[in-house]
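Chemist: One structure follows; several queries about it will come next.
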Amino acid sequence: MTYSKKISLLIPATLIAIFILISNLYRGMFFDQDFYWIETGVAIIFLFFMFLNWEQIRRVFKQPVVWLLSLVTFLYLITALFAENQLLAYQQFFRWLMATQFFILVLLIKEYRRMQDFLWYSILLMGTWTAVFGWLAAYKLTDFKDAFLGYRISSVFQYPNTYAVILAAVLIAVLIRSTGKKKAFIFDSFTAYLLLITLIFTYSRGAWLVFALVWFVGLLFLRFKQQILYIFHSLLIGLTSILTLTILNVTIKESNYFKGFLILITGSLVVGIIYSLISMIINKAEILNSTRSANRFIFPIIIFVVMIIGVSSITSPQVIEKLPDQLQKRISDINLETRSVVERNNFVTDATTMIKDRPFFGAGGGAWKEQFERYQSYPYISRQAHNFYYQLTVEIGIVGLILFLGLLLLILLSIIKARKSMNDEEYNRVLAFGFMVGLILVHSYIDFNMSYAYVLVLVMILLGLLTYPLNFQFKWDKAVSYTVLVLIVIMSLTSTVMASRFIYADRVVKKIVNIPISEAEVLIAKAINANPYETKYRFEKINLYLQVYEKTKNNKVKQRILAEALKINAMKQKNPTVMLQLSQVFAKIGFLGNSLDVLDVGIKNGPWRWQLYEQDIIYSFNLAKYYKQQNNQDKFEKMISRIYDRYNEVVNRREYLDQQVPVLQYKGYKPSLTMRLFVGQTKVVEGKYKEGLEMLLPLTKVKDARIKRDSLAWSAYIYQKMGNLDKANKLIQQGKDLGVDKIIKGIYSDWEN
């Protein structure tokens, strides 16, 4: 290989390694702005490398796997044009394009074995340093948001379940790679104990289960001698973890980091040394070089029986009571009736309903996050579907799912085709990468791992390492490959321009601190122009105008606020959060009718969002007061009826939940104190004093000062109207410090003059 060739290959290899090692620090889950600059940088380097290695690129683009992945990404771009939330849709497009670019870069460099080993050690180092970082967080030696969540290690991923999958994937690869004859891979075992004990302390039951299943399947693909090493290695790290588990748990509680890290380092060294020695001995034992295929099923059968016995034993009270408290709870809760399991089933049910509305091409990237409240059957809060395959289908439809599954199938076929020409070392590497990515993909059926841009790219890197040439010869193959190549270039340029504009908009908004409103208005206009899909900027502009309007009551400023609010209302984005915010804007400038119209849309798209009902009841009550003062009895009665309808909707939903199994009852969902207050007030203005008292008197004892003050005032007003002045005065005296007397005067002024 020429020197210039080595340099050209080093560029993408270094880029991939840096991404694997460092980018997870930027929390690539929902914090999308943190990845804009990475996505832009990757696109620029990718385009530069493409033109630097044009001949290789042309060869890579002849691969059908590249066609399929490029089409998946193209679907994200096309659906973004029609998505309700175009910002989320474009963010998903950026992510999938970046993943596609990494996949192509891996295909370019993977034919050189050293590059594959280089990437493997980048992944291994990532698993190791994030584990160490997780323990630093557990001992409170570093301050990183949610790196130690409650009692669970989540490291830089901030979500224990996904971090557990990363650990489990790296660990399964270590266990497989260390069965090889190459001594360098044997020394990977020095990381195995750290990976397993950290995996245990994530307390992720789903990851434990998937790891056990994948571990067993992996055993079936190893030769007899490799199975011995695989099992011995697993038993060694398992036994070491059991012996140190309780002690480490105590060190976390006591923040005894010195003792904790001493155990972790000692355990890693002991496991590494013992396994390295045993591995060298077993690899030299010729008697174990059995080639009989029947022999490789001996251990799987034995292990299967042992696993059944082991599961029965570990779930027995005698064993569980000896485990740390948190581990006891996680194991004892493993069943199909926990809220976690039941809710995930509901996510799938609701996702299926969403898919039926747009079955073929989906509703665009971020569709679940934008629309799930419209379809949800219970008041859960989950911005992710906890199932990658259903969420993918929601976003880019059945066509997109078929393309992705087709990609996996083609990669599998390419491996099968290349198997005969593989030597032992290459086969070992394929198994390690294959089971690593397989574990992540299997677990992604029950969680949202792939919603992390980092995990999505890591999966594509692994798939790229597993891909072998699989050319299809047909009449239009050259035309297809060139078309896909041009498509990737166009999408890369598009994403670079758009992401750069989004970065610019974000930076401009950050400058709006302690500056005159006139300057802030100019800056926010620039941000909106650069990123017209971000409603946050538009509301920021409205807030600037509101600051002026609240001081001056200037009608021109009011019209500006109205114009901006109408622009937001004209956007495709109609999720409950935006509608709630927008209703409040209309209310602040006196357009309560518009507020109710917006809330109608919000409730339609989020029927379980109780805040919408609360706001609707408040605005309806204020409009009822206005119509009462205008002597418009028809509209007054219409508003009164609307208040009862909204309140009864919440009550009916509460009654529906009460009929469900305990884990689906969501006790926190009920009519709010504010709803009860305004419905009580509504009873009063209708002249239904007794019914009003029944609702208001219980509220006079609550801690919320505003609710207590208003309920005391309205209850006192009722007693005055009923001629019971003693009780009225008693309530007024009770709320004297709260200003109840002023509220009562306001009631008379608003409703009787």
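Glycine is no exception: its Cβ is also placed from the backbone N, Cα and C atoms.
Unlike curated records, TrEMBL annotations are generated automatically.
Below are the features I grabbed from TrEMBL:
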- 7-29: transmembrane segment (TRANSMEM)
- 35-53: transmembrane segment (TRANSMEM)
- 65-83: transmembrane segment (TRANSMEM)
- 89-109: transmembrane segment (TRANSMEM)
- 118-139: transmembrane segment (TRANSMEM)
- 159-177: transmembrane segment (TRANSMEM)
- 184-201: transmembrane segment (TRANSMEM)
- 231-252: transmembrane segment (TRANSMEM)
- 258-282: transmembrane segment (TRANSMEM)
- 269-405: domain 'O-antigen ligase-related' (DOMAIN)
- 294-314: transmembrane segment (TRANSMEM)
- 388-415: transmembrane segment (TRANSMEM)
- 482-504: transmembrane segment (TRANSMEM)
Chemist: Looking at the stretches 89-109, 159-177, 388-415, 482-504, which one shares the most CB pairs under 8 Å with the transmembrane segment (35-53)?
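Modeler: Per the Cβ under 8 Å count, 482-504.
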Chemist: Are there residues at least 6 beyond the ends of the transmembrane segment (65-83) whose Cβ is under 8 Å from a Cβ of it, and what are they?
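Modeler: Non-local partners: 89-90, 92-93, 96-97, 99-100, 103-104, 107, 361-367, 370, 395-397, 399-400, 403-404, 406-407, 410-411, 414, 460, 467, 470, 480-481, 484, 487-488, 491, 494, 572.
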Chemist: Rank 7-29, 89-109, 184-201, 231-252 by Cβ pairs under 8 Å to the transmembrane segment (482-504) and hand me the top one.
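Modeler: Against the transmembrane segment (482-504), the leading stretch is 89-109.
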Chemist: Hey, which bits of the same chain come close to the transmembrane segment (388-415), Cβ under 8 Å, at least six residues off its ends?
Modeler: 64-65, 68-69, 71-72, 75-76, 79, 92, 347-348, 351-352, 354-355, 358-368, 430, 434, 441, 444-445, 448-451, 463, 466-470
Chemist: Grab the same-chain neighbours of the transmembrane segment (258-282) for me: Cβ-Cβ under 8 Å, and only residues 6 or more beyond its ends, written as numbers and ranges.
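Modeler: For the transmembrane segment (258-282), the sequence-distant neighbours (Cβ-Cβ under 8 Å, at least 6 residues beyond its ends) are 135, 138-139, 178-179, 183, 186-187, 189-194, 197, 225, 228-229, 232-233, 236-237, 240-241, 244, 247-248, 251-252, 288.
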Chemist: Average the per-residue pLDDT over the domain 'O-antigen ligase-related' (269-405) and send me the rounded value.
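Modeler: In the predicted model, the domain 'O-antigen ligase-related' (269-405) has a mean pLDDT of 79.
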Chemist: In the same chain, which residue numbers or ranges, 6 or more beyond the ends of the transmembrane segment (89-109), come under 8 angstroms Cβ to Cβ?
Modeler: 9, 12-13, 15-16, 19, 32, 35-36, 38-39, 42-43, 46, 49, 53, 56-57, 60, 63, 66, 69-70, 72-73, 76-77, 79-80, 83, 115, 119, 364-367, 395, 453, 456-457, 459-461, 463-465, 467, 488, 491-492, 495, 498-499, 533
